[in-house]
């Protein structure tokens, strides 16, 4: 029976910051948040922190977001390695064009033992999960049979790598949307804020909404001041959403 793949979002990279030694400025933050503040102050050369309300890094970033000076958020970035996500979900994810992606290739990686992602709505119903698993098993069996026959068909191809690639790219047509994929996603703070605003909404597909919430939790650990305006709430159906009165970019 097909193995179920749980969603997992792992932080694998984040911005470091090296303050120029000739600039008379210091801050109470480091990494991406410090870079954001530095970039903002560089615009006005306000190194002496003349405004008490923006003297701290958190205060400065709050002001940046309040006034809509979002461009300085683009200097800092975060990368996640995401597993336990369905192919159908990544089709929605990759529409966010300000992110950079590196995704598992079904042409190079065999899917004979691929896992499946249980769609929201089925995860609390064992009977429906059995139906899903049976369908996944059937499609995987068909995939395996096609793969073997296609490799035999392309036996005259002298390159073993090309032969396998040709077989896999044809056989994958029968794999379900629920097939697990794995993907590295990199985005700057502004792009991540936009993603959260769009995809953590109650109007978004539930799987990508869950992804957005998980990303938000990790982003809030990396750069609390940048994502502090988002609040996570639980709906009547038990799913979560995240909203912010300051996330106004469409």
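From the backbone N, Cα and C atoms, a Cβ is placed for every residue, glycine too.
Since this is a predicted model, take the numbers as computed values, not measurements.
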Residue among 140, 149, 199, 210 sharing the dUMP site, where Swiss-Prot lists 92, 93, 94, 95, 103, 104, 105, 106, 107, 172 as binders = 199
Of the candidates 71, 79, 114, the one that Swiss-Prot places in the FAD site of 95, 96, 97, 103, 188, 189, 190, 194 = 71
Task = Residue list, the motif 'ThyX motif' (95-105) vs rest of chain: Cβ under 8 Å, 6 or more residues beyond ends.
result = 181-188, 190-191, 194-195, 198
Task = Determine how many residues of the motif 'ThyX motif' (95-105) DSSP places in helix, in strand and in coil.
result = 0 helix, 4 strand, 7 coil
Ask   = Sorted by position, what residues of the same chain at least six away from residue 96 (FAD binding site) have a C-beta under 8 A from it?
value = 187, 191, 194, 195, 198
Query = Helix, strand or coil: which one is residue 92 (dUMP binding site) in, per DSSP?
reply = helix
